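Q: Heads up, here are the entries from TrEMBL:
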type	residues	note
DOMAIN	6-307	domain 'Hcy-binding'
BINDING	Cys210, Cys292, Cys293	Zn(2+) binding site
Amino acid sequence: MAPVKKGILERLNAGEVVIGDGGFVFALEKRGYVKAGPWTPEATVTHPEAVRQLHREFLRAGSNVMQAFTFYASDDKLENRGQVLRITGAQVNEAACDLAREVANEGDALVAGGVSQTPSYLSCKSETEVKAIFKKQLEVFMKKDVDFLIAEYFEHVEEAEWAVQVLKTSGKPVAASLCIGPEGDMHGVSPGECAVRLVKAGAQIVGVNCHFDPMTCVKAVKMMKEGVEKAKLKAHYMVQPLAFHTPDCNCQGFIDLPEFPFALEPRILTRWDMHKYAREAYQAGIRFIGGCCGFEPYHIRAVAEELSPERGIIPPGTEKHGMWGSGLEMHTKPWVRARSRREYWENIMPASGRPKCPSLSTPESWGVTKGHADLLQHKEATSTQEMKHVLEMQKKAKSSA
């Protein structure tokens, strides 16, 4: 019999570093298995081989959490804005759990089932209605016996609290991460207060994911930690940021950038940026360190390599990657061999190769959030009249920027 794996809280309580995986919707969209716009994970059913392979690549890179590809897998999201519900949320979630478990069993990894923000909340549905959506997803996670649960990608702490309250009924460990920065949630609730509310709702692990770059996310989690400690509460901390530089973002994060989502490549972090991120997160007291949109397996490998002294292991993927570029010693060109050293890569300032491009953008700050008429969601496809209104709003936002 295989030895029983330590659970997420056992690992964190022992001071171990838990490394998450990366951004499945962005990675699989680029590979041709997810549609940008809905960002929903039907690929678990239609192309399980693609999801399975991505899990394996993150496992090889050093991840010891296989997060089931259940992002936005609620029925209200699967049939929002004209998308036809051909595959139910239950089918997507069951397939996702099976794939994550299959790969997790190939290494020392845990399976996490996750829920995320809903169109129903944005449309001002009641607490009872929104919680019913989370309960439906939780039923699958309990049936598949995932190791722990994550409420992730919430712009409003209130909805995240509702999700945590539902997930907590499972008796399994619960993590909660908001897609917020140092300015707080979309209604201005500070990171510290958000964290306190999530802990009081029942989350044992709190943090942030998505919307902002690594250093911005680490800063937000530091603020969460300060808030929790000031309230004399206890929690573990997690961070799973973007793999894009976002110094010009406002409260809404990268969604407001004009490059979102199809022209973000010039902002991608290098593997060497990831070394700095991993060290910064570790020094901040964060022990669940992973990635979100834009993170590819090589990014997670860099995180695992940076923290290998603390973890006592090197990821299998390092077999094909010399630490700090040491493999370049074997290159045929001497000037490339000269780059096979840490000092070179730690100090490089990568050029974009785009002579006419600015270094920063102006975010499209529409300033609308839950409760605003423009965010009411519906099953029907976006109409011509709605699109005309959206374009008019965009024009106004740009003129006032």
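Using N, Cα and C of the backbone, Cβ positions are placed for all residues, glycine too.
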Q: Within 8 Å of the centroid of the Cβ atoms of Cys210, Cys292, Cys293, which other residues of that chain place their own Cβ, given that this set defines the recorded Zn(2+) site?
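A: Here the nearby residues are Gly23, Phe26, Tyr153, Cys179, Asn209, His211, Gln240, Pro241, Leu242, Gly291, Gly294, Phe295.
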Q: So what sits near Cys292 (Zn(2+) binding site) in its own chain, CB-to-CB under 8 Å and at least six residues off in sequence?
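A: Residues satisfying the criterion: Gly22, Gly23, Tyr153, Asn209, Cys210, Gln240, Pro241, Leu242, Ala243.
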Q: Can you tell me how many other Cβ atoms are located within 10 Å of the Cβ belonging to Cys293 (Zn(2+) binding site)?
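A: Here the count is 26.
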Q: Over the domain 'Hcy-binding' (6-307), what does the predicted model average in pLDDT?
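A: Looking only at the domain 'Hcy-binding' (6-307), pLDDT averages out to 97.
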